[in-house]
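Here's the structure, in structure tokens; my notes come after.
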């Protein structure tokens, strides 16, 4: 099995994070493979990569050595998304990808409070609610018919198109998101959301 060399997309090879709860540092890392079942050429990184095609002709499986990542089936962190933590992912289709993995983001560990303000309409308009904890059913709990934009104030969040944290996912870092369509996500209704709190060991 041939490995590609490290590149500007993943410098350094590993991202070291200090875990205050465990009192030790850990190494973040993910390995991508051209074929299913971890076959073919591979590419290893610990950071964001906007375009996998620079290193692999395709990517059909991956293995997370440590840490948490988001993988996407379009370049520049667009399209269908899937959250991966330590473990083996032998077939991209089982992740709900319509195409092979084309980009990835490393999710840093967040310690502290979580806050997100969601809006019923695009461009931060319409009814709004601020949350600091997981919400399993937005329409039922908040009496909002839709969530089409939001502002992440603290922490990292996963949004889901169905209640109970099911269906397609959207990963959000701190910042303003005036339209989910700008992320290459069309027709996705946000029905539930949760904080990314896993230690990702």
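From the backbone N, Cα and C atoms, a Cβ is placed for every residue, glycine too.
Noted in TrEMBL for the protein shown:
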| type | residues | note |
| --- | --- | --- |
| COMPBIAS | 1-10 | compositional bias 'Polar residues' |
| DOMAIN | 28-66 | domain 'Beta/gamma crystallin 'Greek key'' |
| DOMAIN | 67-108 | domain 'Beta/gamma crystallin 'Greek key'' |
| DOMAIN | 155-197 | domain 'Beta/gamma crystallin 'Greek key'' |
| REGION | 1-20 | region 'Disordered' |
Intrachain residues whose Cβ lies under 8 Å of the domain 'Beta/gamma crystallin 'Greek key'' (155-197), provided they are six or more past its termini: 68, 70, 74, 77-83, 96, 105, 107-108, 110, 112-116, 118, 122-124, 131, 133-140, 146-149
The domain 'Beta/gamma crystallin 'Greek key'' (28-66) [mean pLDDT, rounded to integer]: 95
Per-state residue totals over the domain 'Beta/gamma crystallin 'Greek key'' (67-108) - DSSP helix, strand, coil: 7 helix, 22 strand, 13 coil
